[in-house]
C-alpha cells in the first residue's frame, strides 16, 4: 500500500482534474468510488471554500461524510447520512466540516509528503495537535496554536464564506493555489486577532488570580522549604555560591523534566495508554483536591473567616468532583476552561512558593530554551511525540490543553442535530479537555506529564465534526509559567506593581508575537521562549532601572523646595503656552480663511469665463 | 503600551547610568539629571511613537494588500487613537498604580509637611496625561500621514512642556492648569483633524437628528 501521503496527494490531484464531472455523482453517495471522491473532494473543497466561489453543488460534497483518513484506507466506511439535503447556500457547515477533514487530512500527511499537491499540505505537515507532556504542553501550546491556526483558518474561512455564500458561482473553479494561499493568509491575519484575544483572556485571568493571591495571602510568599527537585538551598553566604546553587537546581529540574518527557514519549510509543491515563487521573486528583484544600485553608486564614470541617469537606468535594468530570470527561466549555485556569493558577502558586528566587528565574530561562529546542530540533522528544501521533493518526494529547473552542453551531439541516447538539458540544469539550496534568507534587511524585490517550474512535457522525473546536489551544504549562513569572515579579520585586504590570504587558506581547509567528511560519512553535524572554527582560530592567527613576520622580513631586529655576521655567512655559495657543488659533482661522478664499476665488474664476 | 514601556525602559536606563556615573551628594546635579532624564524620556517616547507609527503603517499596507475589497478593516485614524490610548494607559498605570496601592493602606497624606493634595493632584495629572497621550497620538499620526512636520514638532514640544511643567510641583497650580489648557487645545485640534467640526459638535450636543436636512 502506498504511503498515505502519496495516496492523498494523488487523490487530490485526481480530484482537481475530475472535479466538474463528479458533481452529479456525488449527489448520490455511494461506497468506494463515492467515498474516494468524497474524500478527495472534501479535501479540495476547503480550497474552493477559501476561494469563496464554491459551486453550489460542491458544498454538499463537503458536507458528505467526514472520513477519517485511516478509516478510508482501511475500509471504506459507509457514508452515513450524506447530506444531500444540505442547502447549497449554507456554506458554514461545509466550511467547518471541510476544515475538520482538512485537518485530519493534514494530520495524516506524513512529513514525507513530497507532493504539496495543495499548498495546505506543506502548511500543516509539521503541525500537530498539542501534546500533553510537560514540555509537550509547551510545545502543545505551540502545536495547539498551530492547530489553532489551522482551525483559525478553518474558522476564518467561515467569514468570507458567509459572505461568499451568496455569490457562489455555478462554475466549478479550478483550484488556484496562489490565490488560495493568499486568501488563507489573509483570513489567518484577519481572524487571528480574535483568537489572540481568545488567548489573552484566560492568560490574563490566570495571572490576575495568581497576583491577587500572592499579594493578599502571605502563605505563598513565605519560604517553607523547597521541592525535592531543587535540592540546593539558596541560603548561602556568598553570591557566587548562591548563583552556583541556583544553576545546579535548574540543572536538576530540567533533567527531571527531560526524563519525564522521554518516559512519556516511550509510554506513548509503546501504547501504554492505560498507564498514562491512570497517571493523569491521579495527578489531577491530587491537584484538584489537595492543592485546593491548602489554598482554601490559606485564604480563609488570611481573611480570618471561620469554616467548619464538614462545610469545607462538602465544598472541596464538590469542587474536586466537578473538576474531575469537567476536565476528564464531559462538561460545559466555560466550566472546563475555568477549571483549567484554576489548576494552572494553583500549580503556579506552588511553584512560586517552593522555588527559591534565583532558581526560579534561572529555571524560567532554561525552560524557555529547552522548549525552543525540544520543539524545533528534529530529535527533540516533543517532535518525536508529534510524529508518532501523526503516524498513528491520533489526535495528539488533547490533555492539558486549554482550548478556547468556539462552538460555532453549524446550521445543519439534519433534523436530529438539535437533539444531539448539546451532547456533541460536551463531547467536544471532553475531547479537548483531556489534559496532561503536569503536577509536580511537592510531596511525592514526579511531574506527571501524562497524555491521556485519546480514544481513536472514528468519528462517523457529522455533528461531532461540526462541533470540533475552532478555537485556539494553548498548553497549560504555558499558563503556569507565565503566571509563575508574573507572580514572582509580584512577590519579590520591590517595585511592586510597576514591575508586575510591566511583566504582564511583556508576556502578552510575547504571546501576540508568538501567534503572529505561528501564522507566518505555520509550524508548531513553542509558546514560551518569546514571552518569557520579554518577561525576564522587563522584570529585571523595570526592577532595577525604572523603579528608581519613577520613585525619584514621584518623590520629586513632593519636594517642598521651590527653586528659582523652576519659577523661571514656569514663566517661560506660560509664554510658550500662550504662543502655542495663539498659533493654533491663527492656524485654524487661516485654514478656515484659506478655504473661504479658495472657494471665493473659485467662484470668481467660474464666473470669469462668462464675462469674457 | 508595549512601545511606551520599552521607551520608558530605555530612558530609565540612560538616567540610571547617568546617576550612577555622577555624584550622589550633589542635589542640584541630581535634580538636573532628573530633568535631563525626563526630557530624554519624553524624546524617547515620541521616538517610539514614531516607530510604532511606522510599524502600523506596514501592518496597514499588509492588511490592505490582503483584504478582499482593497481597504483595510481598520483605518489609520483608529490606529492612531488606539496607539494614543495605549501610550496613555500605560503611562497612567505606571504613574498611578503604586500610589493607589499605597492609598489602600492606612496613613495620612502630607503628615510630614508635604502637600496634602498629593493624591488628588497626582490623579488629575495622570488623567490629563492620559488624555494628552491620546490626543498626541492622533495628532502625531496625522502629522506623519500628511507629512506635516510642524504637527509632529508641536506634539513633541507639548509633551516636553507638560513634563517640564510637572517639575513645578508642588506648586500644583503651575503644572495642572497649563496642562489642562494644553489638553483642551490638543483636544480641539485632534477633534478637528479627525473630521469633526463645530457643527458636528453642536448637532451632537443638541441631539439633533442628522438625517433631517
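Each Cβ is built from the backbone N, Cα and C atoms, and glycine gets one as well.
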Quiz item: If you check TrEMBL, which stretch out of A:217-233, A:336-352, A:387-403 is marked transmembrane segment?
Solution: A:336-352
Quiz prompt | Stated TrEMBL location of region 'Disordered', expressed as one of A:2-47, A:48-93, A:278-323, A:416-461 | solution = A:416-461
Exercise. From the ranges A:167-186, A:467-486, A:527-546, pick the one that TrEMBL records as transmembrane segment.
Key: A:527-546
Quiz item: If you count Cβ pairs under 8 Å, which stretch among A:247-268, A:358-377, A:501-521 touches the transmembrane segment (A:196-214) the most?
Solution: A:501-521
